[in-house]
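Record features (Swiss-Prot):
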- 74, 75, 76, 77, 78, 79, 80, 81: ATP binding site (BINDING)
C-alpha cells in the first residue's frame, strides 16, 4: 500500500512538472509548439481557410495557421496550385491582401478567376532569379501588409550564378544554401507580421537511392525544418465522370505529413474539377454521408428517408438546386467539427 501511495505521488508530481514545462516551452517558442495529442487547445490558433472543408477538418484547426510557413508538395498535376488558389480566394474574402510570386511564370488568370480569386487585387511578381524572388518575398512579409504569400515554386527558384551559365562545382548545393538563408530571415518576421507563407514544391528522385523513400523535395532541408505544416498532395487513380461518362476531374488525397499545430498524418480527399477547382458541393455530400445526415444505399442517395438522386453527380446537382438543404448540411458539418 505504502509503495502504491509513493508511486501515485511520484506520478502526480511528474504531471505537475510536465504541465509547467509545457507552459514554459509555449512561452519561449509560441502556442502550438508543444501539445498533447488529444488536446483541443489548438482551436485558439488564428487561421485562414484552405478552401477545402475536408482539409480544414483534417488540419484540426480550421485552416492554415497565421504566422507560419507551409509547404505543399506533390507530383506534377496533382493539384498543388489549385489548392493554393483556393486559399488565396479565402484570404481575399476576409479582406486580406495576397501576393503570388510566380517563379514558374505559369499562373493562369482565367483559372484563378474561376476558383474565386479577385485577380484585380492579387499582387503578382514574376522574378527572373531565386535570389530576387526570395528578396521580394522577404520585403512583402516585412511590410506587414500581406495576409497570405504564395511562392510557386521552390524548384523554379534558380540561383543567379546558374542562370549566368556558371556550371562549376562551387554551385553544388547553392539552391539549398539560398533557401536556408531565406528561411532563417523569414521565420522570425513571419511570426511577428502574422503572415501565412505557402511554398509550393516539387518532387525529385534521389540519385543512387536503394532503400527507403526514393522521392525528395527540392531546395534542401531548411524548408522542411522551418515549416509548421507540410502537405503531400497526390492524384488517385479514380476519375470523376459526368452523366455522359465523360471525365471531368480527378480525386486527390492530401496527407498532412508534418504539423506543429495539430495532430499530423491525417488525410483529406478532394474532387478537383477541370477548370473549376475543388468541388465544394462534392465535399459537403461526402461529409454529410460520414455524419449520417445523408444515407447512401448502392447508387441511391437518401435524405430524411426519401431517395433524392441516383449517382453522385445527380446528388451534387440536387444539392446545387436545393440551396436550403445544402446550407443546412454545411451548418451541421461546421457545428460538428467546430470550424
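Any Cβ shown, glycine's included, is placed from N, Cα and C.
The sparsest Cβ neighbourhood within 10 Å, among the listed binding-site residues (74, 75), is found at 75. DSSP assigns residue 80 (ATP binding site) to a helix in the three-state reduction. Neighbouring residues of the recorded ATP site, listed in sequence order and excluding 74, 75, 76, 77, 78, 79, 80, 81, comprise 233, 234, 235, 252 (Cβ within 8 Å of the Cβ centroid).
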